[in-house]
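What follows is a short report on a single structure.
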Amino acid sequence: PLALGLYTVNAVYGDTITMPCRLEVPDGLMFGKWKYEMPNGSPVFIAFRSSTKKNVQYDDVPDYKDRLSLSENYTLSIKNARISDEKRFVCMLVTEDDVSEEPTIVKVFKQPSQPEILHQADFLETQKLQMLGECVARDSYPEGNVTWYKNGRVLQPVEEAVVINLQKVANKSTGLFTMTSSLQYMPTKEDANARFSCVVTYYGPSGQKTIQSEPVVFDVHYPTEKVTIQVLPQSSTIKEGDNITLKCSGNGNPPPQEFLFYIPGETEGIRSSDTYSMTDVRRNATGEYKCSLTDKSMMDSTTITVHYLDLQLTPSGEVTKQIGEALPVSCTISSSRNATVFWIKDNTRMQTSPSFSSLQYQDAGNYICATTLQEVEGLQKRKTLKLIVEGKPQIKMTKKTNTNKMSKTIVCHVEGFPKPAVQWTVTGSGSIINKAKETKYVNGKFSSKIVIAPEENVTLTCIAENQLERTVTSLNVSAISIPEYDEPEDRNDDNSEKVNDQAKLIVGIVVGLLLAALVAGVVYWLYVKKSKAASKHVDKDLGNIEENKKLEENNHKSET
């Protein structure tokens with residue numbers, strides 16, 4: 001680079017300055033020297049190098065002590081560049097006949113520190129010109145310039161609204177500049193959350209550059225222009241039992257700290273902070289609520305509707321009825337809005353409301369009448385009816401020979417509630433049979449089953465007893481050699497076709513067995529008839545023998 005037609009070296013403050021000697025080395029060179037020129041033009045020699053002896057000498061100049069280095073090609077280096085190194089240096093090559101000189105201009109640049117906004121205002125007030133802060137950038141060379149920005153846009157001076165003052169001060173020992181720019185500013189309400197910053201513009205070896213400060217946001221104070229009341233928590237609906245808070249706010253900064261709250265039924269406002277709380281609200285809290293500043297200016301209002309839901313179940317709680325009785329049930333609703341009613345029995349939702357004209361065991365259970373208020377979250381009610389259907393034990397006994405024809409199954413079908421205790425006995429001996437198996441007790445019904453292999457005819461007794469009554473039923477069971485079959489048990493309609501096929505098979509078997517039994521009965525009848533005829537003859541003979549014995553006894557008595 002050239003400055004005024006001269007060769008210029010640009011250096012960074014603190015780095016090494018390198019100045020080549022831009023002369024061609026002539027023949028017969030004796031030595032080379034470097035000097036710089038004082039402001040008055042007088043030279044100051046600083047370095048010497050002989051071409052013959054190859055020795056280097058540095059002049060005793062305090063500013064350059066231990067900072068110089070002169071190479072064999074007469075390039076001069078200066079360590080730790082300073083602002084005072086900005087001079088006109090001259091390279092000299094000397095022969096016996098001539099002295100050649102070539103000047104070099106040195107320029108030194110120093111980047112300033114990042115600018116900072118100091119002495120910041122605690123807050124800004126609208127309609128008031130006040131000191132916002134000072135932007136300070138230190139240790140710059142050459143001196144730089146400072147520009148203020150708001151939200152990324154340049155702040156231009158405006159009379160009595162934007163006042164900017166820039167000062168530049170050089171350090172006497174280093175020569176570095178410190179730039180200080182103060183900003184006086186009159187804010188508006190729209191300056192709330194505005195970002196203020198400053199930028200320093202400086203020159204470096206490669207041209208113009210900028211550094212920006214960290215942005216600063218100021219608290220802007222302005223008066224309240226509007227009051228707003230709201231209900232917390234912010235829900236579209238309020239129900240009985242809720243806790244609600246009225247919050248009154250002003251759009252000023254800082255916001256007002258006290259308000260007057262006007263409650264339905266109260267003639268005077270209630271002085272409070274920015275909130276007024278109500279707990280466990282009832283339906284009579286429905287109405288218009290207002291709030292205002294303490295001077296009764298700038299008022300706002302809102303309407304609160306407290307939704308309610310009442311449920312009446314008749315009867316409710318635990319109810320005990322006898323099987324076959326009627327039980328009217330009603331569930332009535334009173335609400336602030338349309339309500340949905342549904343019934344649940346034993347955790348299963350019912351399709352219709354319960355109606356009991358003749359109670360059965362399966363009607364027993366836990367009934368819940370539940371209701372919810374549409375569009376009111378959390379407003380629901382439920383009441384419970386625990387229905388107990390009691391009944392005396394009812395018994396039906398069945399018997400059949402098992403397929404292996406080695407045993408018979410006797411079943412005692414029992415109904416009743418509370419669940420009856422079942423006991424088996426053998427009539428005559430009265431012994432208790434303890435090997436009975438019971439089915440699951442469902443809807444007041446269950447079965448007790450025993451398996452026996454009687455060698456002779458027996459009578460079994462099933463005893464069912466609960467708190468209401470003791471019921472006894474007996475059943476005659478033939479010996480194992482005589483098969484017995486009960487009527488087929490009820491089947492599901494789904495298996496009706498299969499049941500019909502099985503029924504046909506059973507009917508065939510039964511007919512065959514009946515025919516066999518008929519033949520056996522005829523044979524048995526003939527056998528019994530023959531036995532009776534023989535017994536008559538025996539009885540006749542026995543009667544004659546008895547008469548002879550009596551005659552002999554009478555004769556003996558007469559002789560005596």
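Heads up, the Cβ atoms here are built off N, Cα and C, so glycines get one too.
Record features, source TrEMBL:
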type: DOMAIN; residues: 103-212; note: domain 'Ig-like'
type: DOMAIN; residues: 223-305; note: domain 'Ig-like'
type: DOMAIN; residues: 324-386; note: domain 'Ig-like'
type: DOMAIN; residues: 393-473; note: domain 'Ig-like'
type: TRANSMEM; residues: 505-527; note: transmembrane segment
Note = Rounded mean pLDDT within the domain 'Ig-like' (223-305) lands at 92
Ask   = Reported in the order helix, strand, coil, what are the DSSP residue counts of the domain 'Ig-like' (223-305)?
value = 3 helix, 39 strand, 41 coil
Inquiry  = Could you give me three numbers for the domain 'Ig-like' (393-473), the DSSP helix, strand and coil residue counts?
reply    = 0 helix, 50 strand, 31 coil
Ask   = Taking DSSP states H, G and I as helix and E and B as strand, how many residues of the domain 'Ig-like' (324-386) are helix, strand and coil?
value = 3 helix, 33 strand, 27 coil
